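Working notes for the structure below.
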Amino acid sequence: MSFTFLSRPAIVDAADAENTRARKRQRTNSASIRIHPNIPSFSTASNQPISRSAMRLTESECDSTLSMTPDSSVLPGPSSMPGGSSDSMGVTNGHTNGFGPTANGTSANGAVMGNGVSKHGKTVATVSLPGTTLYDDSFVDREEFVRLVIQSLRDVGYIESAATLEAESGYTMESPEVAQFRQYILDGMWAKAEAALMRLGVQEDEGLWDAKFLISRQKYLELLEAKKPTAALQVLRNELAPLNVDSDQLHTLSSLIMCSEPEDLRRRAGWDGASGTSRHQLLETLHDYIPSAVMIPQRRFSALLSQARAYQRQKCLYHNSILDSSNFSLYSDHRCDKSEFPRITTTILEVHTDEVWNIEWSHDGAYLASASKDKTAIIWRRGSSLDSGSPQDWSAHFILREHPYPVGCVSWSLDDSILLTSTDHVIKMWNAKTGTCIRTLEEHSDTVTAISWLPDGTGFISGGLDRRVIIWDSDGKVRDAWGTTAIRLTDLAVTPDFARLVAIGMEHTSGFPAASEPSNRGTQTGDTASAPAGNGATPFQRTAHKMMVFDLATKEPELSIRLEGDLTSVQTSQDSQYALVNHAPNEIHLWDLYTGQIACRYEGQTQGRHVIRSCFGGVDNNFVVSGSEDGNVYVWHRESGTLLEVLSGHGEGSVNSVAWNPNNPRMFASCSDDRTIRVWEAPPPGAYVSEPPLSEPSISASSSSVIEKGKGKTRQRADGNGVSASGTSFSATRL
């Protein structure tokens, strides 16, 4: 498509208080803290912190007999079930060094071994190995690795195997003091839990006060739940207040005393009670303050494997499949190839009689809406997927003709029952089930360049060259009309978290002529202003462009960045952190909305004269895809910015817009000045690209507003878009 552009509250949410620290201190990084070898060993007679050597079995402890049969009451280990008894946590630790594996108390390599433990009448000897790393050329610390293995074995229920590994390696997962601390928290023994904090290595400058606040807060809430307001008030005054807690937090906590019923307390505090998971959640939060070498974070091995999987997915340029146990293995690195990527044309839609400027999929992925210079919008009904093994049977479901000017934008409601279209300054609402016009809206005084439904589905938002932003109810009534902005908007997008509005456009200057007749939307306006359609363009002063980020609730700008070159489209990421902006000439920028910096640039496409739109796509939005003025579709890897594909097939003119199917990561569509829409899909397994000649089209535009639901005739592509697999030929369907 193308255009010619003429005081903080007094009470904070109690649910947030769980994660709010009592004092503004930097938390201990549980993923990176290591206990220095010079820290003294733990002694129950003092408050000295536990040292690393406390995680090793001493010779005298190895001499004792340890039963390898777990207590029948023990559940899978403390990582996943921190409520296990401290008596089942193993013994204290020591350390020996030597070399070589053992077999039933004997050494194959003459290594020095401890006296071991008894298992079914056989001795499990402690193996002494030289060095401290897992392998000679490894950076992995052996003790850390073994302790994580022990934790993982306990997590999945291999208690006896974990105990055997502790005996053979001389390491235990954690000290008895850590197990006792877990039990103190789970049993609600708050005074003992607080007293144990310093012994576990929590220092005042690393969050001791924060940890005490979290424990005292849990104690306070449980007393209120038990209907003991007097005792709870004593905790508030004598334990929480002395911690220099922010006054808003204290006010929020004190207001909970007014709760008459436990259910009301739990609801207002965002807390599930003493009998719920709150104590386990507290224990997990306290991991942030206790050195990880002392108290290993829960399921640490699993977390490391998840990080490895995420890294492999990020490095897999063509990743377009959901990772699960069926396609992700620890035995090999994850890698996808082009077979999962939509790079062949399976359907060509050519009912429009002029340039196609914009397209958008319905949220269920079953329909595609298109906007054209021919003053119509079309709702296309998607046929069967190529993955099903049969040709497509697309149809033009409705042709929406009641537009006085070319159609620039389309947008589906969240339930796909309403389709919005814009034509010059007019917005039309259509019943997507019947193809009838519900309402015509004319609040804007200049071309509407963007319409988008709000993330909560309660209405939609529009912006235009008149510098106005209007929020509408779902029935088409104006809910909120913003004052004029500093820019003539060329596009806008609301973040999925409903927190920000990202708008792009041209700085307003007096050099812009007043709106009169509808204008050709094919030309960018960074250098020229356009006269009415058909009269060409008139040069005038160059205009600066801006990207602005607004707080949607307050309407105040959070970010305003002045940029050189035209900005033609914007789309926000699913996590609400990034905005994808087409930036002429010939670039697409990925902006981090949190930092206000460019996170990645995508180059290769041609853009300088027309409005070109791009979008995210694929599994986890791994790809960026865009049209181009050279008639091709360009696809990049989102994380690295690597150009992956340049897809040809469209005829002369610009590819104006692209849209990825929200329910099928193996399908997207593109539209062009050549009057067609192309649907791109991944070839089925085992398929190869064929190059037969192209035949004549079989369906043309109908004079009726409702098109007959017939199927298009199959056409063979001469540009490599036909595919065949297992003897069956699949080729592009043309309507």
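Start at 1 and count along the chain as shown; that gives each residue its number.
Cβ atoms here come from the backbone N, Cα and C positions, even for glycine.
Here is what TrEMBL says about this protein:
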{"type": "REGION", "residues": "37-107", "note": "region 'Disordered'"}
{"type": "COMPBIAS", "residues": "40-51", "note": "compositional bias 'Polar residues'"}
{"type": "COMPBIAS", "residues": "72-91", "note": "compositional bias 'Low complexity'"}
{"type": "DOMAIN", "residues": "174-231", "note": "domain 'CTLH'"}
{"type": "REPEAT", "residues": "349-380", "note": "repeat 'WD'"}
{"type": "REPEAT", "residues": "400-440", "note": "repeat 'WD'"}
{"type": "REPEAT", "residues": "441-473", "note": "repeat 'WD'"}
{"type": "REGION", "residues": "512-538", "note": "region 'Disordered'"}
{"type": "COMPBIAS", "residues": "517-528", "note": "compositional bias 'Polar residues'"}
{"type": "REPEAT", "residues": "620-646", "note": "repeat 'WD'"}
{"type": "REPEAT", "residues": "652-681", "note": "repeat 'WD'"}
{"type": "REGION", "residues": "688-735", "note": "region 'Disordered'"}
{"type": "COMPBIAS", "residues": "689-707", "note": "compositional bias 'Low complexity'"}
{"type": "COMPBIAS", "residues": "723-735", "note": "compositional bias 'Polar residues'"}
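Per DSSP, the secondary structure of the repeat 'WD' (441-473) breaks down as 0 helix, 18 strand, 15 coil. As a summary of secondary structure, the domain 'CTLH' (174-231) carries 46 helix, 0 strand, 12 coil according to DSSP.
Residues of the repeat 'WD' (400-440) grouped by DSSP class, helix first, strand second and coil last, total 0 helix, 22 strand, 19 coil. Across the repeat 'WD' (349-380), DSSP classifies residues as 0 helix, 17 strand, 15 coil. Summarised as a single figure, the pLDDT of the repeat 'WD' (620-646) averages 95. Non-local neighbours of the repeat 'WD' (441-473) in the same chain are 3, 5-6, 408-415, 420, 422, 424-429, 479-482, 484-498, 501, 503, 505, 508, 515, 518-519, 521; each lies 6+ residues outside the stretch with a CB under 8 Å from one of its CB atoms. Taken residue by residue, the repeat 'WD' (620-646) breaks down under DSSP into 2 helix, 13 strand, 12 coil.
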